[in-house]
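K.L.:
The following block contains the structure, expressed as structure tokens.
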Amino acid sequence: MLRKMGSFRSYVGLEEYEMKSPKTNSEGIQPDFLSGELVISEALNVLKFTSLSKKKGISGSLFVTNARVIFVSNEKRREIEDAVPLLSINMLWYFETSKTTPGAKKHRRVVKLGPSSVNNPSIIPSGSTRVHEILIACSNFKSFRYSFKFSPLDNGLRICNSIIHHSFPLQIDRLFYFDYSKAASENWRHPINSFISVPSFLEKGDWLKELNIIRSNSGYRISSANEGFQLCGSLPEWIIVPADLIDVKLISLAEKLKGTRPPHWSWADSKGGGILRMSKLNSENDCSAESVFFEVCRKAHPKKQQPIIIDLDVELPTKEIRQSFTKLFELCCPESSLQYEEMDSRFYSLLEHTKWMLLISKSLHIANYAGRLITENQDFIILQEHESRDTACLSSSLIQVLVDARFRTVSGFFQLIQKEWIAFGHPFHSTYMHTSPVLLLFLDCIQQLMKQNLVDFEFNDKLLATLWESSFDASRGTFIFDTPQQRKLMDHWKDHTSWGVILSDRDANNDNDESIMPVHSPKTSSAPLLPGSLANPLYKLKSLLYPPTLSSSGTYPLSTVLRCSSTLCDLNFWANLYLSRTFNIPSSIMGLDPGDIISSPVSTEQTNTPSSTSPEGSTETQFLYPQNSSKSEYYAIGRDPTRELKVVELLLAALSSSTRYRRHSPGVSLSQTNRTGLRDKDSKVSTGGFSYPSGPGASPTGPNQPYVQQQLDGKRKPFIYQQ
Amino acid sequence: MMHGGGSGSSSSGAIPKRGGNGSSESLSSDSKSSFSKDSQGQSSTSSTSNEPHISRYQSSAVFSSDRPANGEEVPVIPGEKLQRMSRDVTYLCPFGGPIKGNLYLTNYKLYFASKDRQNTFEVPLGVVNRVEKVGGVSSRGENSYGIEIFCKDVRSLKFAHNPENHSRREFFEDLQQLAFPISKKLLPFAFSYSEQFPEYGWSVYEPIQELKRLGIPNESWKITRLNDKYDLCDSYPSVWAIPAAAEEELIRSVASFRSRSRLPVISWLHPFSQASITRASQPMVGVAARRNKDDERYLQMILDANAQAHKLYVMDARPNANALANKTKGGGYESEDVYQNIELVFLDIHNIHVMRSSLGKLKDICYPTIDDSKWLSNVEETRWLEHIKCIISGAVRIVDKVENNKTSVLVHCSDGWDRTSQLTSLSMLLLDPYYRTLKGFEVLIEKEWLSFGHKFQNRIGHGDDRHSDADRSPVFLQWVDSVYQITLQFPYAFEFNEYFLITILDHLYSCRFGTFLYNTERERWTNDLKKKTVSLWSSINSRKELYLNPFYCEETGANRVLLPKENDLVSFLVILRLH
């Protein structure tokens, strides 16, 4: 149905790039909007640049709706090319000239949206200017550049204004979520993963279960002091407190604490180690109530040990995290290619200047320290923070990931976030405008742990990145609210969570059949389906390398405690997320965009290289790039977890049939010393930050390693991966 | 150190500053020797706080250390003999504090075992760069009398001797003798090493066979044995391939015009397009802008051997200014005015001295302590990564010309044995999947580095006590690091793993194998290395499974050209893990 269009060549500002002539109407462009999505403004003949150098562009239409900024190209009229949730827009640059004085200089202006400019976005003076171009930088570290060169005169300004006005509604009930849930709930069908049930931790039953799991029956009880949110709205109605603390005392203590938030237990083991979060006193002068509480905690401890108090306001100030995030964002989303090249050579010192890595190091250090106290000393940790809603979430969940293997599975990890962040009232909306640097810091810390402990996590860092993106996805209620109270009052669609969305992994399902292959988590059939692209392929090796410990008698099996190094030089910059720009960075050396390289057809004869074994023959030279530059792909440098997963599965299959391995099979399990020794070595291996692909499977980690290698070697050839 | 305080005083920061005391320190110390990660598997010792440091040395003893060390024995490899033992020596571990034990010296290694034999480590003597005495007999204070050993691989070891038993002097003298055999006119340990391996590593690389693999001889290229006695060019191999049209006189004339007679010869030939990579040294142009008609004709022949191109790219690895400066020393570069149909490109890679000081800075920031707060900017300041980036992007440019433009490329620097080797071998690695296999990589090293006369003896200083020799430079290390960077970006394209690269680097210094001894093929031939020493590849190929990448799959890498992103600074963060 596409009409053939006349060719128009523009030499203005578009460095010799041939492009289609601007269309004059948008008839037929009708993208699929979400239920409840309304168009606020639209611009026609918008040119989307696909590289920083502004050399390449696609023509299309741009819509601003109450949920997203949508770009639809003229070529594919129904497919949405870019969909940027309004909540994710972090920074908006626009380039304007005055309408009245033609030929006037272009001005570049920046509008900071979201967390960096709560309540006070600057508004463009309308009427007298023309906006030529906008650059949107999103919280997921992607940027989009659109030019209005060929659009009707006022389109750019309209788009710009509607983004600024509509992206961050102050009242929570103006969020798109409410429009969407109202419109969509009627004809909503369950997505594949909708049965993943993550307890909300807002109900009493969830907490009872939690107490049962950790078998910490003595010493704690469920208090209903906050029933009906009479103490505070930012905590669930049921919280766990030391058993000796009666409600009256709890209430009187809460009243002296910031936000009248009573101390709330979040995790414990059966030997006395545990984590409790509490806010600071309103007035530092009167600390008697606090001391009494600490004494109660001491008595609750099986060995009557003093609790350890960690003051997070001192160790990890929230303010620093916010500042650091802003700098990190500016570093990773530069405004122009010039800026990119300029920063390239100084990237390290600029990165250091953001202090982001330092914050990761600090967070990991705190968690490490606390984790060791808990496991080695059975200490009870009290995390104290201003209102215990920010870094307390981070530290508490990080410690739990370190000490409890349960939280390293997908469902456990989701539960952890639901409990520590959502139920305990991390202020996603009011404080962070849906871009919480604290949450990102947490995810980055987990990413570091993954890099250092290759086989311990069920999922990979793409899941973390997806989780980060869904934290500003306004179509799900999980990360929308500030407090459990709001959630209870306003959320009418509770089973429609982000968790299922994360696991459905839209990107992967669209274009890659292989990645759909679901991975059943080992436990039960009711466990969530984890798509291969989100799974950690080496997780399955874990049981092989460290056979499950025999004793469940409450002693700490060494293998459940995660080791990590918090020194800066061991940390890994999360390039997959932070440098996930949608532009192709122009290759400064060759002056070629990857897409420009033409595959050269070559003859198939004369293949005396070993490549001649390749089945489909070598009809053309194929260039391999370290990453897929397609925008929907998670930017993993050269990595493909789905592929790795297959290798590991074949390896495991080969091993189970191998007689040599049977000698070490669980029946004749390795002795305790051997096992711990193995574990120990591996933790060293990991702290070294071993590069992923050659991970434990490749390094001679233990006595059974050579078998792994040999089997794998033999089984290598059969895989044929079509690129 | 686990203090359980904090009751009542809510505002007390319960976390001690890092690096404050024992165990928190030990945790962070892991990083400093993350090199150890691979070798861990063989270590039978368990986790004391200083283990990470110690275990690093065991990586060089992969095959020997699985023998038990009972009593006061030292595990030895065939040909190794215990020379001296020193009791009551304290090893001053920079991370875990002093450890008392015995220090053994064999003709191959230093071996330290703590009193309880829980902590052991060894250092091949080839790694020793410099030995110094610390303190005198009258020195006050505990552990102030001893020796300090500076190694070629970043670290230094301090041992404190007991002043009373006068063991230090003898030990020091023996160590000097054994660690620097070349300076004492002795043979390095490789000549005593006698382990037998099922594989014969010296036959991994057969020049004729490798040229045949590339399709040579063919109508445009021929194999010549002009250098059979190494009299035409003493730093070149005996066999190489040149354009078929070039006769002997021309070759001799060209050799005379090239620095150290290193005339352009072929390194790699594109199997389909016939575009070639040739390597050479700089032309002796000088300030007077000398010309050599034969050299000009010869370059034209190289161009003509590739029918598809009308231009020959000459890649001068040096920065423009350095190339210019070389004119005053009689060298220089090909002028586009004089040579028809060439295009000259400078790749801006600095010389060995710059690289040496860059690595020196890197050592300073990594060992023994890391300033965590300034880590990133310190790394940037060493410029090591920038240099690596330069090498990779140089190789990428070569690949681009050969693969995309189907043009031939001539690579040279000053002498054509440092930067040139880096560039040719790296671009070949990117172009040809064969070199990405375990065997292919060994061939690549044998061919582009060993046979073409990268001066390993001078660059590493095997058994040589002149530790500040200006000829030393980490050129090969830098190349391996570049390879490592590429393996990170293409995790499935390489048959070998990181441990393979590290093993190569370990034995680059260890002097256990003959592979990296001497400067040129000629010297190796004169000294009959193949008969008298064992090849590193014998050892590696006999335990192949240790060095294979489980995720390697031929299909992705085969017949495909890798184009790494040279701008990807971030992955370079991992670089230091190699040290």
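Cβ from N, Cα, C; glycine included.
In case it's useful when we look at the structure, here is the feature table from TrEMBL:
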type	residues	note
ACT_SITE	B:Cys413	active site, phosphocysteine intermediate
BINDING	B:Asn326, B:Lys327, B:Thr328, B:Lys329, B:Asn351, B:Ile352, B:Cys413, B:Ser414, B:Asp415, B:Gly416, B:Trp417, B:Asp418, B:Arg419	substrate binding site
COMPBIAS	B:23-51	compositional bias 'Low complexity'
DOMAIN	B:201-579	domain 'Myotubularin phosphatase'
REGION	B:1-79	region 'Disordered'
K.L.:
If I take the Cα of B:Cys413 (active site, phosphocysteine intermediate) as reference, which of the binding-site residues B:Asn326, B:Thr328, B:Asn351, B:Arg419 has the closest Cα?
P.N.:
B:Arg419
K.L.:
The record names B:Asn326, B:Lys327, B:Thr328, B:Lys329, B:Asn351, B:Ile352, B:Cys413, B:Ser414, B:Asp415, B:Gly416, B:Trp417, B:Asp418, B:Arg419 as the residues that bind substrate; what is their largest Cα to Cα distance in Å?
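P.N.:
Taking every pair of listed residues, the largest Cα separation comes to 21 Å.
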K.L.:
Cβ distance under 8 Å to B:Arg419 (substrate binding site), same chain, sequence separation 6 or more: which residues?
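P.N.:
In sequence order, the residues whose Cβ lies under 8 Å from that of B:Arg419 (substrate binding site) (at least 6 apart) are B:Ala317, B:Arg318, B:Leu347, B:Ile349, B:Asn351, B:Ile391, B:Cys413, B:Val475.
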K.L.:
Check each residue in the chain of B:Thr328 (substrate binding site) that is at least six apart in sequence and keep those whose C-beta is under 8 Å from its C-beta; list them in sequence order.
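P.N.:
Expected: B:Val287.
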K.L.:
Looking at Cβ-Cβ distances, which residues of the chain lie under 8 angstroms from B:Asn326 (substrate binding site) while being 6 or more apart from it?
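P.N.:
Expected: B:Gln282, B:Arg318, B:Gly332, B:Tyr333, B:Ser414.
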K.L.:
How does the model score the domain 'Myotubularin phosphatase' (B:201-579) in terms of mean pLDDT?
P.N.:
89
K.L.:
For B:Asp415 (substrate binding site), what is the tally of other C-beta atoms lying within 10 angstroms of its C-beta?
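P.N.:
20, counting other Cβ atoms within 10 Å of B:Asp415 (substrate binding site).
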K.L.:
Any same-chain residues 6+ apart from B:Trp417 (substrate binding site) with CB under 8 Å of its CB? Would you list them in sequence order, or say none?
P.N.:
B:Ser235, B:Arg262, B:Ser281, B:Phe452, B:Gly453, B:His454, B:Lys455
